[in-house]
Every structure is written in C-alpha cells, then in structure tokens.
Amino acid sequence: MGNSAARSDFEWVYSDQPHTQRRKEMLAKYPAIKALMRPDPHIKWTVSGMVLVQVLACWLVRGLSWRWLLFWAYAFGGCINHSLTLAIHDISHNTAFGTSCVSRNRWFAIFANLPIGLPYATSFKKYHVDHHRYLGGDGLDVDIPTNFEGWFFCTPARKLLWLVLQPFFYSLRPLCVNPKVVTRMEILNALVQLAFDVTIFALWGIKPIVYLLGSSLLGLGLHPISGHFVAEHYMFLKGHETYSYYGPLNWITFNVGYHMEHHDFPSIPGYYLPLVRKIAPEYYDHLPQHHSWVKVLWDFVFEDSMGPYSRVKRKCKLAKDHL
C-alpha cells in the first residue's frame with residue numbers, strides 16, 4: 001500500500017464551469033423543466049421523522065455497552081445523520097418551503113441539524129453558495145482539497161486515512177481556504193444546538209451524546225454513503241468535473257447522486273431531479289456516471305491516478321455582490 005498517486009497538482013482549466021451554459025440550452029429546449037423549480041412537499045415530513053427517530057435512538061442507547069453503542073452509531077445512526085446532512089444540503093437551496101420563505105428554510109435546516117450534534121447547517125449554506133457559483137474556484141470553492149491534502153494523502157494508506165477524516169477536513173478547510181465573518185444566524189444555530197445537546201444530556205446522560213456525535217463522525221467518514229463526496233467532482237475521466245451516481249442509495253440520500261442534474265439546476269429539489277434526466281436524457285445518458293459508491297471509494301484508494309489532487313480547478317472572478 002505504498003504507491004504514490006501520480007498527480008502532483010490539480011487539473012487546472014481556463015474555461016468557465018459547464019453548468020451555466022448547459023442550463024441555458026436545456027431551458028431553451030425544454031421549458032417544462034421550469035415547472036420542477038418548486039418546493040419538495042415531502043422533505044419536511046421525511047426530515048421531521050428522521051429527527052424523531054434519532055431522538056428515540058438516544059433513549060434506546062442510554063443503557064447500551066460502549067461497544068454496541070458505537071456499532072449502532074455506525075450501522076444505523078451513521079446512515080440517518082449522513083442523510084440528514086444531505087437533507088440540509090437540499091434545504092440550503094430553499095427546497096422545503098420555497099424561495100419566498102427563506103427564513104423558514106433556514107430554521108428548518110437548523111432543526112434538521114439537531115441530531116448531528118454540532119452546529120453545521122447555517123455555515124454550510126454560507127459556503128455552499130460559493131461552491132455552485134464558483135465551482136472549482138481557487139480560494140473560493142472550499143469543496144476543493146488544500147494543497148497539503150493533495151501532497152500528503154497520496155498513497156493508498158494515506159488516502160484511506162483521508163476518507164476516515166473527511167468530517168474534520170470538511171469542517172476545518174473553509175476556515176483555512178476562505179474564512180468568513182460569523183453571522184448572527186450561525187450564532188443562533190450554535191445556541192439552538194447547544195440547548196438540544198444539554199437537554200439530551202440532562203435527560204439520558206453522556207451515552208446519547210456520544211451516539212449522536214459518533215453517528216456523524218463515523219457516518220461522514222469511511223462509510224458507504226460517503227462515496228458521494230468523491231463521486232460528485234473527483235476527476236475519474238479527464239475533462240469531466242461533475243458526475244452523477246444512479247444507484248439505490250439515492251433512495252435514502254435525497255437523490256444527491258443526481259449531481260450533474262443538481263449543478264445544472266440547483267433550485268430543483270432532489271426529489272424531482274430524476275425527472276430532469278427523464279425530460280432531457282440526451283444531456284445525461286452519454287456522460288460518465290457512477291453506479292456504486294463503494295466502488296468509487298475503492299477506486300479512489302487503490303488507483304494511482306486518483307487522490308485529493310484529482311479535482312478540476314480554475315481562477316474565478318468575484319461576482320459583483322462579493323466585491
């Protein structure tokens with residue numbers, strides 16, 4: 001497990017991201033796609049049920065041994081919490097209540113955040129806007145690994161460790177790459193999360209807190225669902241920077257696998273993204289795609305051509321509202 005990844009730098013390009021032009025072409029050809037730009041009527045009920053399931057799980061694990069607690073945190077809680085982060089991703093595009101109810105979407109994302117254990121939703125939204133606007137943008141898109149990550153995590157063993165540590169890199173990277181002022185909503189997110197955690201601790205002790213945090217750290221680390229982190233934008237085929245996954249795990253991840261469709265139309269909820277492909281199959285069926293997130297993780301670790309450097313990067317001009 002000692003072979004180093006072949007890449008020593010990112011894949012630098014000097015063209016704009018492809019999704020803006022694709023969006024214009026597709027809307028001109030298929031105006032019916034605009035009808036999909038509406039709230040998802042199911043997500044608020046699905047998310048509410050998931051939050052309640054995790055609260056019930058907190059009660060159930062209060063008497064478990066530590067070994068079994070960690071097992072269930074990975075096998076069950078990890079799936080729920082990772083899925084909740086993907087619900088938060090969807091809600092960050094105002095898909096729960098529509099663009100006319102921005103505040104309600106933000107507060108609902110904070111509610112979905114509760115089982116995660118740490119405040120996350122508001123900060124995610126702040127940076128995710130840049131990910132779409134400046135896809136691959138140097139110093140702007142914090143989804144891109146740092147140069148240190150690309151340089152150090154270059155062997156199979158180190159890439160495996162990098163996957164395990166994904167929650168930490170996704171949390172800390174924005175502070176290093178593109179630090180921003182803490183907003184009032186982020187403070188409120190933290191206070192609500194603290195109140196929830198203190199309440200759970202007061203009711204049932206430390207084990208439920210460890211369960212929730214373990215569910216997040218284990219579920220977002222080396223876990224089958226975490227294949228989407230790599231599948232979405234890591235360059236498995238030169239010249240392609242966004243990939244869709246068409247496999248069964250879309251059922252429990254709010255269709256995050258339909259990632260080419262999502263970047264083409266960020267305002268369409270995950271629930272409706274399969275319809276985009278159905279309406280305009282010629283824009284998607286011929287593109288490289290994934291069918292197994294586990295295989296994605298395996299290939300990322302053991303293919304010498306893959307590593308944190310396997311990302312398309314570009315210089316982007318700041319939009320006027322960023323100046």
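Backbone N, Cα and C atoms are what each Cβ position is placed from, and that goes for glycine too.
Taking Swiss-Prot as the reference, the stretch among 128-132, 143-147, 303-307 described by the feature motif 'Histidine box-2' is residues 128-132. Matching 45-49, 80-84, 95-99, 205-209 against Swiss-Prot, the residues noted as region 'Required for C4-hydroxylase activity' span 95-99. Transmembrane segment is the annotation Swiss-Prot gives to one range among 166-187, 210-231, and that range is 210-231.
With a threshold of 8 Å between CB atoms, the same-chain residues lying at least 6 positions outside the transmembrane segment (41-61) that come near it are 69, 72, 76-77, 80-81, 83-84, 87, 90-91, 95-97, 108, 111-112, 114-115, 200, 203-204, 207-208, 211-212, 215, 254, 269, 271.
Long-range contacts of the transmembrane segment (68-88) within its own chain (CB-CB distance under 8 A, at least 6 residues past either end) are made by residues 43, 46-47, 50-51, 53-54, 57, 61, 109, 112-113, 115-116, 120-121, 124, 207, 210-212, 214-216, 218-220, 223, 225-226, 228, 252-254, 256, 270. Secondary structure by DSSP for the region 'Required for C4-hydroxylase activity' (95-99): 1 helix, 0 strand, 4 coil.
Same-chain neighbours of the motif 'Histidine box-1' (89-93): 40, 43, 47, 105, 108-109, 112, 121, 124-125, 128, 254, 256, 266-267, 269-270, counting only residues six or more beyond its ends whose CB sits under 8 Å from a CB of the stretch. Outside the region 'Required for C4-hydroxylase activity' (95-99), and at least 6 residues removed from its termini, the chain residues within Cβ reach (under 8 Å) are 38-40, 43-44, 47, 105, 108-109, 267, 269-271.
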